[in-house]
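Straight from TrEMBL, the features:
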ACT_SITE  D34  active site, proton acceptor
ACT_SITE  D170  active site, proton donor
BINDING   S7, H65, G141, F142, G143, G144, D170, G171, G172, G192, S193  substrate binding site
BINDING   H32, D34, H65, D170  divalent metal cation binding site
Amino acid sequence: MIKIAPSILSADFSKLGEEIIAIDKAGADYVHIDVMDGMFVPNITFGAPVIKSVRNKTELVFDVHLMINQPERYIEDFVKAGADIIVVHAESTIHLHRTIQLIKSFGIKAGVSLNPATPIDILKYIINDIDMVLVMSVNPGFGGQKFIESSIEKIKEIRQLHGTIDIEVDGGITDKTITKCIEAGANVFVAGSYVFSGDYKERIDSLKRR
Ligand code: DX5
Ligand code: ZN
């Protein structure tokens, strides 16, 4: 069974709580939450207080994607804000294994994200310590970008490395691009602009039909 994680990066921030309720009603599985610091990526979004403010709007899994330098500084804050999964980028933290241990020490799930140019080798010694690999299929920072085709090969290689781990794909996911990602072995799909630019239920259904 695939899971759909609408990215609230494409939501209307002026009514974020209502937007989250709406994607919940529309059949979302996770709420994908993009945290950007203007350093690791060229854009700034929001931090733990904003996440905390909408935690009581839904019981859906909060899938928190940290695009920030040295995320270890803020893991506890995001846990307290209500994160169920925290994903860090391989290049954002010097001691990646320690950061994974830190996330797991709070009893939540840990994920590692790979940029389009990042090889999968980084996963070799940590894959059994994490719950999810996030494959960036665009360069992180902005919604609405075009899907990068080399992501397909990467998903296949990760699926060969581990038969059951969750593989999440993030960037440029539509009813067209999702199909080849599923065939390659991914099972969790972030969709920002695709879900939020139409009827949320129709869009989520169209992804799940694939
Ligand atoms: C990009 C973010 C994505 C983004 C995806 O850095 O990590 O989650 O919201 O947006 P779409 O689905 O529009 O490519
Ligand atoms: Zn994301």
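Cβ atoms here come from the backbone N, Cα and C positions, even for glycine.
Keep in mind that TrEMBL annotations are predicted by a computer and have not been checked by a curator.
Quantities reported herein were computed from a predicted structural model and do not represent experimental measurements.
All features noted in TrEMBL, drawn onto the structure.
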residue : record                             : Cβ contacts under 8 Å, 6 or more apart
S7      : substrate binding site             : H32, I33, D34, G143, D170, V190, A191, G192, V195
H65     : divalent metal cation binding site : H32, I33, D34, V35, V87, S113, L134, D170, V190
G141    : substrate binding site             : M36, V41, P42, N43, M67
G172    : substrate binding site             : S137, V138, Q145, K146, F147, I148
S193    : substrate binding site             : S10, G143, G144
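A Cβ within 8 Å of the Cβ centre of H32, D34, H65, D170, the residues given for divalent metal cation, is found for these other residues of the same chain: A5, S7, L9, I33, D63, V87, L134, V190, G192. Its own atom aside, the Cβ of the residue listed as 'active site, proton acceptor' has 25 Cβ atoms within 10 angstroms in the protein chains shown. Looking only at other Cβ atoms within 10 Å, the busiest spot among the recorded positions H32, G143, D170 turns out to be H32. Only D34, H65, in sequence order, out of the recorded positions D34, H65, G143, G172 have a CB under 6 Å from ligand 2.
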